[in-house]
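What follows is a single structure, written as C-alpha cells, with notes after it.
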Amino acid sequence: MQKFFIERPVTAFMLMLSFVFLGLYSLKLVPIDRLPDVEFPVVRISADYPGADPYVVDTNVTRIIEEAVSTVSGIESIISRSYPGFASVVVTFTLDKDIDVATQEVSNAIQRAMRRFPKGVEPPTVVKVDTSVAPIMVLLLYSDTADYQRLTYYADKVIKRELEKLYGVGSVSLGGFRDNVLWVRLKVSELYGYELTPLDVLREIDKNHQDIPAGNVYGKRREYILRLYGKFKTPEELSNLYIKENLRLGDVARVYFGEDEERSLARFNGNRAVALLVFKQAKVNTVRVIDEIKSRMEFFRELLPPDIKLDYTFDASVYVKESIRAAFEEIIIGVFLTAFTVYLFLGNLRLTLVPVFAIPVTILGTIFFLYQLGYSLNTITLLALAVAVGIVIDDAIVVMESIHRRREEGLPPFEAGVKGTRVVMFALLASTSVLIVVFLPVVFLKGVLGTFLKNFALTLIIAIGLSYLVAITFTPSATVRLITQRPRENFFMKLYKRFEGSFDKALRFSLDHKFIVLLLSFFFVGLSVYLFPKVKKEFVPHVDEGRFMVRMRMPVGTSFERVKEKAKEVERILLKNPHIAKVGMVVGEGVGGAGVHSGLFFVYLKERSQRPHQMVVMSEVRRELSELKNVKVSVEPPHGIGASAGRTTDLQYIVRGERIEVLKKIAKSMEEHFSNVEGFRDVDTSLELSAPYVKISVKREKLSHLGVSVEDLGLTLSLLFGKYRVGTYELGSESYDFYIKAEEDFVKEIHNLNRVYIRARNGELIPITELIDFSIEAGPFSLTRYNRQYSFVFYANLEGIDLATARSLVEDWLKKNLPFGYTYDTAGRVKEFKKAFSGFVLSLAMSLIGVYMILASLFESLKHPFTVLLMVPLSALGVFGFMYLTDTSLNVSSYFGIILLVGIIVRDAVLFIERIIQLRKEGYAVREAILEARRERLRPILMTTITVVSALLPVALGLTAGSEQRKPLAIAVIGGIASGLPLSLFLLPVLYELMEWKRK
C-alpha cells in the first residue's frame, strides 16, 4: 500500500483534504454543549388526596402506587414522598430502558391499581420527567414601580410565550409567579348575620355558574346544537348574584379579579421579580439556544412597558463557550509545542510540516465522524481531542523517522520511503491495535460514567484509526518528496547523538547489572503503593463556573412572612460580597418541596480576573451565612456530573428502615455528630417531622343527631380555610381559576374555628365546635420512602477533606450505629464515585487482558507480552507522585489519564520488542539485537513520548476555564511518562534478556 501512495502523491493529498473539508463542514453543524447528552429514564406519578395527612396519603395512596410500579422491569430506584393531600412517586430506570416504553408500562400498572384507592383520591398523572437537572438560562422581569399583577401578566402571557416559540426551548417554568384568579372572599360575620353558611353560598354559585349542553334541534334542512352559556362574565355580575331574597353575594363577600395568594417570591438584585427558567430540548445545541434567546432580548424588551425591566441572572453558555474556547486554545498551543519538538529532532522545517499535517486531518476527520454518530462537541470530547494531538502525530513520526534513518544511511528517497515504511508497518499496526484495545472496553461501560467515558474513548479510537491511515498513506508520500538531500546535523541533533552514546553505555551497564535495575524497579513500585493512600480522591473536581447556589430552609410551619424576611437577609449578605455580581432568588412553594419554608438563591460571580476561585468565594459566603439564626443554609455548586436533580451537595446518603421514629433518632444523632467533624459543612437531613397540625376529631353521635354529614363538615372548613376551587373563569381567550375562601384576617387565627357554624337538619345554625374536638400537634410535613422503605437523606458539603476520606468516616459511623434491619445507600457524587472506581478497575483489567491478547498474537509468544505489561506498574510512581506534589485529586479525569497511560507505555514497549524480534529472526544474538533495536527505536520513542507531553503541557498548567476537569488527566499522563519512560528504557531490555536466558 505504501508504494501505491508514494507513487501517487496527489491521490494521498486529496484523500487527506477530503477529511479536512468534511470536518470543517461538520464543525458548523455539530452540537456544542458542556457535557454529553444523557437522557435519564425517569417517570413521576402524582396523585391528590385532598384533606389527608401524610400518614394517610402514605398508607392509602403511596404504597399502592409503589407496589403497582414495582412490577415494571428495569427499575433502578423508587423514591416516594407523601405530603398533606398529595403523593409523588419518582421511578428511575436503568439507562438502557426506553423512556416511552417505561412511561406506558407505568401508566398501565397505575390503571390496574386505581380500583384499590379509597374514595376521594383523584386519578394519578404519569409524566416523563425532564432530565435537564438545571435550566440553561434564568431570565427575570423586575421593576421598582410596577405592581406584581403587571409583572406576572407580562412574564406569563408575553415573554414566556415568546420564549417557547424559539429553537430548542423545551419548557419555561416561572418562579415567584402569582397568576390572577377570580376571588370570592367570604365576610364570615356578615354571612352568619344573615343566617347563611358557606355551603349555601357554594350551592347558589354552583347552580348559576355553568355552561350547559341543552340538546339538539333536528330540522328538515339543518341540525342545531343547543348550548346554554351561564357562566359569569365579570366579577360585578357574580357580585350581583342573589343568594337570598334581597341579598346579593356582594353583601356577604368581596368579589374581585386579582392576584392569587402570595406563597412564593422571586427577587433579582434586591428588586421584586418574576423568574423565567428556560430548559432546553434533548440533543440540541445549548449555545445556539441561548444565543437565539439573547438575540431576541431587545425585541422582548420592546414588548414591555418602560417601567418593567428584563435581565438574566444565569447563562449556561458563558461557561460552555469559555470551556470550549479554552480547550481549543490548549489544542492549538499543544500543536505548536508538538511541532517544535518534531523540528528539534528532524532539523528540517519542511519535514516538520508532514507529521504536523496529521493533526488537523485527524482532528477534523474525528469531528466529522462524531457528527455522523450523533455526538456533540463537549468538554469530554474536546479533552480527548487535546490528548489526540500528542498521539495522532506519533504514527507519522515513526514512519518519518524510519525514512529519515534510511536517508542517513545513504539510500535514495524513493527506496528509503518504501523500505522505511515497510520496516515499521508491523510496529505501527501493533501500537495502533494496542491503543484501540486499551479504550475499547470503556465503550461498553454502563451508567452515567460509562456514557462520559464512551465519548472520550470513541473520540480517541476514531482519531487513532485516522492517524494510522495518514501514517501509511500521506506521510510516506510527502516525506519522500521533501527529503531531497541527506539531512544536515543541527546543534540539537549533535546533542542527541551525544545523549545516544551515553545512553548506550548506560544500557550496557544495566544489562550487566540486572539486579540493581530490578531492585530499583521494586523500590519504585513500593513507593507508588506508599503514595497511593496519600493522594486525595473524589468523583470529579469542583470547577469554577462563576456561579453557585445557596439553599435556605426554615423550620416547617414558619409563616411565609418570616421566610421572606429571612430570605431578604440572606440576599443582603450575598449582595454585600465584593465578588458577587448578581443574585436571583426564588422562595416559597415549589422550592425544595411542597412547603413555603424553603428558598433557593442563584449567585452569579464577577469576571474571573476580578475575583478568586469560585470555591474560595463559596467558603466566604458559607462563613458569612453561618451567623444567621433559625435557618439552615447550604452553599452548593451548580448541577454537574453525579448531581441529583434536587441537591448538589458533596455527600448524600440515603438511610432507610421500617420505623420512622427510629429514623428520626438516627438523623438527629447523625446530624449532631458530623456537624462537629472537621471538614464537614452544611450538614443537614431531609427529615421534616415537626410540622404543626390542627387535629380535628368529629363527635359522631352529635353529627347523627343533628343530621350533619362529615362531608358537609369538611367542605365547610375547606370553603373558609382551604381555598376551594369552584371552577374556571373565562376572560377573553384566557382561562383563570375561581376560588372561594374566607377573608384574610379570618384565616390567620386558629381560634376562629370557634366562629364557624353549620346548618343542622332542622335548619338551625350550630357552632362547629359542638361537633368536633381539635388540638394542635406536631406531625410529619412529608414522609419519604426509598425502594419501599421509610428513609431520609443525609447531606453535607466538604471543605479541606477529600470525598474518599469523608465517605469512609460516614460509612464507618453508619456501620457502627445503625440498628439491625436498617441500612444505607449512596446517592449523588458518592454513588457515582463508587461506580467510577469499580468501572475504572473493570475497564483497566479488560484493557490489560485485551492488550495481552493482541501482543501475544502479534509476537506469537505467551511470555513477551508479560515483559511489555510489566512496564505499566512502573508508571504508577509518577502518576501518584505528581498528583501528590501538585495537590491533584484522583478522579474520573485521572482515570482517563491512567487508561491512556497504559496505551502509551505499552505502545513504546511494542516499538522496541517488535524490532528485537525482527532482528533475532535476521540472526542477531540477544544482546546485539537489544542494543541495535534500542539504537534504532530510541529516537522515535523519545519523539512520540515528548510530543504527548508537549500536547498535554497546556492542559496540565490549568490556566484556562474548566481546566480543573482536564488538568488531572494531563498530570496523570505526564507524571506516569516521567517515571515510566526512563525506567522502561532500562528495565524492558533487562527483562527481555532474562526471559531469553531462562528459555535457553
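All positions are counted from 1 along the displayed chain.
For all residues, glycine too, the Cβ spot is worked out from N, Cα and C.
The transmembrane segment annotation in TrEMBL covers 12-30 (among others).
Tertiary proximity for the transmembrane segment (326-346) is limited to same-chain residues at least six positions away from its ends with a CB under 8 Å from its CB atoms, namely 352, 355-356, 359, 363, 379, 382-383, 385-386, 389-390, 393, 397, 400-401, 404, 487, 492-493, 496, 939, 942-943, 946-947, 950-955, 960-963, 966. Look at TrEMBL and you will find 326-346 (among others) tagged as transmembrane segment.
The transmembrane segment feature in TrEMBL is assigned to 353-374 (among others).
Among residues of the same chain six or more beyond the transmembrane segment (380-403), those with a C-beta under 8 A of the stretch's C-beta atoms are 35-36, 323-324, 327-328, 330-331, 334-335, 338, 342, 345-346, 351, 354-356, 358-359, 362-363, 366-367, 370, 416-417, 420-421, 423-424, 427-428, 431-432, 435, 452, 455-457, 459-460, 463-464, 466-468, 470-472, 475-476, 479-480, 483, 893, 896, 900, 904, 907, 911, 939-940, 943-944, 947-952, 955, 965-966, 969, 973. The annotation transmembrane segment is assigned in TrEMBL to 380-403 (among others).
For the transmembrane segment (423-444), same-chain residues at least 6 beyond its ends with a Cβ under 8 Å from one of its own Cβ atoms are 2, 391, 394-395, 398-399, 402, 450, 453-454, 456-458, 460-461, 464-465, 467-468, 471-472, 842-843, 846-847, 850-851, 853-855, 858, 899-900, 902-903, 906-907, 910-911, 914-915, 918. According to TrEMBL, the transmembrane segment annotation covers 423-444 (among others).
Taken from TrEMBL, the feature transmembrane segment covers 456-484 (among others).
The transmembrane segment feature in TrEMBL is assigned to 515-532 (among others). Long-range neighbours of the transmembrane segment (515-532) within the same chain, counting only residues 6 or more positions beyond its ends whose Cβ lies under 8 Å from a Cβ of the stretch, are 873-874, 876-877, 879-881, 884, 979, 983, 986-987, 990.
Taken from TrEMBL, the feature transmembrane segment applies to 836-859 (among others).
Note on the transmembrane segment (866-886): residues 521, 524-525, 527-528, 531-532, 534-536, 848, 851-852, 855, 894, 897-898, 901-902, 905-906, 909-910, 913, 968, 971-972, 974-980, 983-984, 987-988, 991-992, 995 of its chain, located 6 or more positions outside it, place their CB under 8 angstroms from a CB of the stretch. According to TrEMBL, the feature transmembrane segment maps to 866-886 (among others).
Annotation source TrEMBL lists transmembrane segment at 892-913 (among others). Counting only same-chain residues 6+ beyond the ends of the transmembrane segment (892-913), those with a CB under 8 A from a CB of the stretch are 383, 387, 391, 394, 398, 427, 430-431, 434-435, 438-439, 442, 449, 452-453, 456, 460, 539-541, 641, 836, 840, 843-844, 847-848, 851, 855, 858-859, 864, 867-869, 871-872, 874-875, 879, 883, 933-934, 937, 940-941, 944-945, 948, 965-973, 976-977, 980-981, 984, 988-989, 992.
Residues or ranges marked as transmembrane segment in TrEMBL: 941-963 (among others).
Summarising the annotation, TrEMBL assigns transmembrane segment to 969-992 (among others).
Non-local neighbours of the transmembrane segment (941-963) in the same chain are 319, 322-323, 325-327, 329-330, 333-335, 337-338, 340-342, 345, 379, 383, 386-387, 389-391, 393-394, 397-398, 401, 543-544, 608, 904, 907-908, 911-912, 969-971, 973-974, 977, 981, 985; each lies 6+ residues outside the stretch with a CB under 8 Å from one of its CB atoms.
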